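The structure appears right after this line, and notes come after that.
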Amino acid sequence: MSQTSTGSTPDRYVRYRWWGLLAISLGVAIIIMDATIVSVAIPSIVDDLGISSTEIQWVQEIYTLLFAALLLTWGRIADRVGRRRIMLIGVVIFVAASVLCALADNGAVLIAGRALQGLGGSMILPTTLALLNANFQGRERGIAFAVWGSTIGGMAAVGPLLGGWLTENASWRWAFGINVPVGALIIAGLILFVAESSEAVTGALQRLDIGGALLSILGFGALVFGLIEGRNYGWWTATDEAPFAVGDISPVPFAFLLAVIALTAFVLWERARTNAGKGVILDLSLFSIPSFANGNITALIVSFGEFGLILSLPLWFQNVLGYTAFEAGLALVPLAAGSFLASGAVAGLSKRLSPIVVVRIGLGLEILAIAVLALLIRPDSTAWLTSPILLVYGMGVGLATAQLTSVVLADVPVARSGQGSATQSTARQTGSALGIAVLGTAFFTTLKTGTENRVADAVAGNPMLQSLVDSVNASSGGSIASLAANEQTAFIADAARAAMTDGASLAGWIAAGALVVGLITSLRIRPAAASAGDISADGAAADGASGTETAQTGESN
């Protein structure tokens, strides 16, 4: 079935489309900002509520788990019932959940609020991309994606700064409360400046693929659970923290097995429904589009490197250099500045270069910056060393992240932009979870073994000192400051600082290696195909949309 436009966009949506872009970008910002702010606020939450380590772990991870598991399902539902509508509902849920978190007086309420935030976030992220894809065409679409991508990179750096300031000068509750005014701005902007769009389908295609939705939720949920819990519960042998262990075997390998079974069943199920002419959660024919298939592989690998590194840097700033949470956030501002500077350069670059070439330039800058950082950082380094490096890294993120999104969605028919956007978001989320798992394991393993090796002779036969050494790893380096304050244990702090620096350097080299692989995979994407973002929405649809694109308030042309 071909895609057609069934209406014209009211003038105000065309005239104020850039205000609409601002509202959509704020939707991305609220998700990224919340995740990074919460990480900084965790120590204050523990002090105030007195929650256990298990509860605090779930405060952080229940959000990621639900967010990743539900992306594909909400992307498809948004195509059907309206992308703006689903985003609005998602923002309302996210804001309501933020209020619940801000008012929480115990761990259970806070975990419930974070779960609802994950639900709302999974409705917001794929619809932001789908709305950009539907409401912008040609080079304007590339600029819109540049702003979207730079928002992700920028807020990942600004979030810790804002979180540190709020935690130190107000309360951890404002780390959640700040989402209320931002959410109100998003809702107003979406209603006033963003046109609704959806896919019009008839017959059997109208029925939601409930089986596919359940299999995708189960498969991606199990996969992300395994990735985020591997270090805590053990990749194979169960740790003391692991629940539901089977003998000595951790639940993690069982989660991976469940993910393989569920995702294999998902692919077979979707293929069978497609052959029967029924609606699906993910149209597998999208992967026959080279730019989409290769672009998603590249996005997964790049996210592995980018987000894995962001885990280690704030810890290194605080525990090795002794920065406060606010100062650590301030040290990451050059990353945000570079990202936003890059978004301003995209418009000029896109006139001379195809999007995939811009992606490769961005990846090159990222690789260069991370390699230099991994090579040069020392326990006595300062922000004067890291700032210019992070500025270059941020510029790379700003160029690569946004334009890679443009490449992935360039040839995707607008009618299936929700599916395409959700698939791309799922690939990125899976890559970031994998990166955090692998780089986090490398970082913390180096911290543990490096500290132990450096002080082995000095603490031999002294259980008390050995327990202090163990506390370094148990606290993720948080005990370094107290150890440094005591002359008798300062040598352990020095060893831990050196070990953590080695861990950050190793994580950097692994991240750089992943980005090199991402750069290599990007070579499979032809510049001609990647330039397809210049096609109009109707032109893209002519290449094989499975439904008719309907503009309930109008579709921009």
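Each Cβ is built from the backbone N, Cα and C atoms, and glycine gets one as well.
What TrEMBL says about a protein is an automatic prediction, not a curated fact.
Lifted from TrEMBL, the feature list:
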type	residues	note
DOMAIN	20-530	domain 'Major facilitator superfamily (MFS) profile'
TRANSMEM	21-46	transmembrane segment
TRANSMEM	86-105	transmembrane segment
TRANSMEM	111-132	transmembrane segment
TRANSMEM	144-166	transmembrane segment
TRANSMEM	172-195	transmembrane segment
TRANSMEM	207-228	transmembrane segment
TRANSMEM	248-269	transmembrane segment
TRANSMEM	297-317	transmembrane segment
TRANSMEM	329-350	transmembrane segment
TRANSMEM	357-377	transmembrane segment
TRANSMEM	431-447	transmembrane segment
TRANSMEM	506-525	transmembrane segment
COMPBIAS	534-547	compositional bias 'Low complexity'
COMPBIAS	548-557	compositional bias 'Polar residues'
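Between the transmembrane segment (111-132) and the transmembrane segment (21-46), three or more CB pairs separated by 6 or more residues in sequence fall under 8 Å, so the two stretches touch.
At the 8 Å Cβ cutoff, the transmembrane segment (297-317) and the transmembrane segment (506-525) share at least 3 close pairs (sequence separation 6 or more) and count as touching. Just going by CB pairs under 8 A, the stretch in 86-105, 144-166, 248-269, 357-377, 506-525 that sits most against the transmembrane segment (21-46) is 144-166. Residues 40, 139, 142-143, 146-147, 149-150, 153-165, 313-314, 317, 323, 358, 361-362, 383, 386-388, 390-399, 402-403 of the same chain lie 6 or more positions beyond the ends of the transmembrane segment (329-350) yet place their CB under 8 Å from a CB of it.
144-166 is the stretch from 144-166, 357-377, 506-525 with the greatest number of Cβ pairs below 8 Å to the transmembrane segment (172-195).
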